[in-house]
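Comments concern the structure below.
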Amino acid sequence: MRYKERYLVLADGSVYRGYAFGADSETVGEVVFTTANVGYPESLTDPSYKGQILVFTSPLIGNYGVSKEQWESDSIQVNGVVIFDLTKPSHYTSIMSLDEWLRNQDVPGIFRVDTRALTIRLREQGVIMGAIVDDPGRGMSMINEAPSYDSINFVKLVSPQSPITYGGEDPCIGIIDCGVKLGIVRELVSRGVEVIRYPCLMWRRALDECDGVLISNGPGNPMLLTELTSLVDDVVKDRKPTLGICLGHQVVALGMGARLFKMRYGHRAINKPVLDLVRNRVYVTTHNHGYAVDPSTLSGTGLKVWAIQPDDGTVEGLYHEKLPILTTQFHPEARPGPVDTRWIFDKFISVVKGESGWM
Ligand SMILES: NC(=O)CC[C@H](N)C(=O)O
């Protein structure tokens, strides 16, 4: 089979040549990379990647195909996919190839890109807008016409329209769903509790109806979510046990008065060490974020750092001195990734039941 040529054009004018796979369409998005060497179905369906073109640094992607249990939402969420080598799948659970899946879901991919050169570019100069196109001449005008990634409220696009209930026993956990990964829902459901996902602007109902709330992960620039600061005010007022994951961690920090910043190229990986400063332990964790909390702005917020990323010192976890609030910048549900931090869900439920405190 002959593949047609396709191009990844970056906003700085650089052009990477490759071949087309997936949908026969073109796209624009923020170009980011993940170093995860497995878990491509989970990453591609993670709503936190909405609006981004995802580059896999691992050279072989697609070798075990796609199966439904791996999906973190009901569709592919990335705008486009960049890989080095595309292979035919071989796995007993696979129902289709990566190529077919992207085609079915109208998501374009490009393979045989020099992903090492591209990743060095993104690491050194930072993430950047880009386009996957068949005609490289069109790339720059598409990028110029598209709104920049940082200016779009993607949470609105991935938050559910109405509550979704999963059966279970007391206590009830309300997920304030800014684009929750199904892995987080599964972690809670598997512990036998009642779980309700609420549209993220319906937090008042979540706080009224549930015993504890989880503010979920989600896509885009958290600094645009100013309406969610009222959610944090209500969490403070109600004193309900709260867990914030990734975007949820950023929303809590923002609502408490801390500031956030955009990282040069973020953390997207399944093997990032996180140092637990309270327990003096290191966990290997899953990450997908491009923004982080500025630790110099935490004084006076009541928030304290309990975990950091030892390579660059980024804040990885916060807790409140007086209120039952804990947050993680990393993903305790993993999906994909190691399960070192699943205990956070056990702890959350015991805090909600009043059996222990967070720390
Ligand atoms: N996984 C997430 O929740 C990502 C949060 C936010 N969109 C960021 O990139 O930092």
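Placed from the backbone N, Cα and C atoms, the Cβ positions cover glycine too.
What TrEMBL records for 1-171 is region 'CPSase'.
The domain 'Carbamoyl-phosphate synthase small subunit N-terminal' feature in TrEMBL is assigned to 4-133. Taken together, the residues in the domain 'Carbamoyl-phosphate synthase small subunit N-terminal' (4-133) have a mean pLDDT of 97 on the 0 to 100 scale.
Residues annotated as L-glutamine binding site in TrEMBL: S48, G218, G220, L247, Q250, N288, G290, Y291. DSSP classifies G218 (L-glutamine binding site) as coil under the three-state reduction. Counting every protein chain shown, 30 other Cβ atoms lie within 10 Å of the Cβ of G218 (L-glutamine binding site).
According to TrEMBL, the feature active site, nucleophile maps to C246. Classification of C246 (active site, nucleophile) by DSSP places it in coil, neither helical nor stranded. Other C-beta atoms found within 10 angstroms of the C-beta of C246 (active site, nucleophile) number 29, with every protein chain shown included.
Annotated active site per TrEMBL: H331 (among others), in sequence order. Long-range Cβ contacts of H331 (active site) within its own chain (separation 6+, distance under 8 Å): K181, G183, N217, I245, C246, T285, T286, H287, N288, G337.
Among the features that TrEMBL reports, active site is placed at E333 (among others). Look at E333 (active site): DSSP puts it in coil. Of all Cβ atoms in the shown protein chains, 25 besides its own fall within 10 Å of the Cβ of E333 (active site).
E333 (active site) is 14 Å away from S48 (L-glutamine binding site) when you measure Cα to Cα. Under 6 Å, Cβ to nearest atom of ligand 1: this is the test, and of the recorded positions G220, H331, E333 it is passed by G220. A C-beta separation below 8 Å, combined with a sequence spacing of at least six in one chain, links G220 (L-glutamine binding site) to K50, G51, Y149, D150, I152, N153, F154, V155. Remark: secondary structure over the domain 'Carbamoyl-phosphate synthase small subunit N-terminal' (4-133) totals 29 helix, 46 strand, 55 coil, with classes taken from DSSP.
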